[in-house]
Amino acid sequence: MKRNSLKCKIGPSILNSDLSQLYAESQRLLDNGADYLHLDVMDGHFVPNLTFGHPVVKCLRGKIPHAFFETHMMVQNPEQWIEPMADASVNLYTFHIEPVLKDVLPLCRKVREAGMKVGLALKPGTDTEAVKQFIDHADMILIMTVEPGFGGQKFMNDMIPKVQWLRHNYPLLDIEVDGGVGLNTITACAEAGANMIVAGTAIIGARDQKSVIDSLREIVERSIQKCSCKM
Ligand SMILES: O=C(CO)[C@H](O)[C@H](O)COP(=O)(O)O
Ligand SMILES: [Fe+2]
């Protein structure tokens with residue numbers, strides 16, 4: 001039997017948390033079992049919203065030295081923030097391919113040279129065909145399951161075939177889903193093959209964060225197990 005080394009990872013998004021308490025909110029998520037923190041960076045151009053940038057991420061890193069940080073870069077010019085985010089000791093730099101289609105490969109190289117892992121993100125309207133040629137240069141592909149820009153939106157079921165296609169063709173690839181993911185939608189994501197789960201509102205708004213994180217993990221791990229038995 002082949003061994004499947006896919007791992008389930010739960011990465012809460014702090015987008016809809018009380019950002020005036022970013023450290024406390026982040027630490028609580030980690031204490032409740034989060035595997036990593038998904039930090040949504042928006043520039044007001046690529047998406048019609050603003051959040052925070054590298055100065056805030058660096059301050060958070062100062063308080064939380066060891067956790068795995070992913071920055072989800074919803075920005076028009078991802079190249080501009082590679083060095084500052086590396087300086088903030090970001091672990092995984094996930095950028096959207098849409099505004100930089102011609103430069104994805106050199107950007108992947110720059111992110112890696114800066115010491116970070118590479119995540120490539122796709123908006124709902126972007127087909128997996130667009131990312132195919134770059135997958136071997138990335139550590140993770142993020143399939144957005146809402147239009148990027150805001151937390152608390154409704155999960156888009158019609159994104160599931162993209163996850164299925166990726167998992168079918170790349171059995172060991174890290175595939176992340178982000179947007180409207182929670183206890184009602186996790187089964188579809190897990191069965192399609194997502195193993196990195198971003199959930200904002202579903203976790204932040206929960207009275208018992210740990211129980212939500214544990215339940216999400218259990219459902220994803222069960223799917224990974226089922227899938228590895230078939231291999
Ligand atoms: O990238 C994002 C929005 O652009 C967020 O990560 C995402 O929306 C998470 O929040 P929720 O789970 O509430 O949808
Ligand atoms: Fe995100």
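In case you wondered, yes, glycine gets a Cβ from its N, Cα and C as well.
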According to TrEMBL, which candidate in G53, G62, G180 joins S13, H72, G149, F150, G151, G152, G200, T201 at the substrate site: G180
Among D174, D178, D208 - the residue TrEMBL places in the same divalent metal cation site as H38, D40, H72: D178
Binding-site residues near ligand 2 among G149, G151, G180, T201 (Cβ under 6 Å): none
Check: same-chain CB within 8 A of substrate site center, minus S13, H72, G149, F150, G151, G152, G180, G200, T201: L15, N16, D40, V146, Q153, D178, G179
Cα separation, D178 (active site, proton donor) to T201 (substrate binding site) (Å, whole number): 11
Least surrounded among the active-site residues, given as D40, D178, when other CB atoms within 10 Å are counted: D40
Rounded Cα-Cα span from D40 (active site, proton acceptor) to G180 (substrate binding site), Å: 14
Sparsest-packed among the binding-site residues, when each Cβ's other Cβ atoms within 10 Å are tallied, from S13, T201: T201
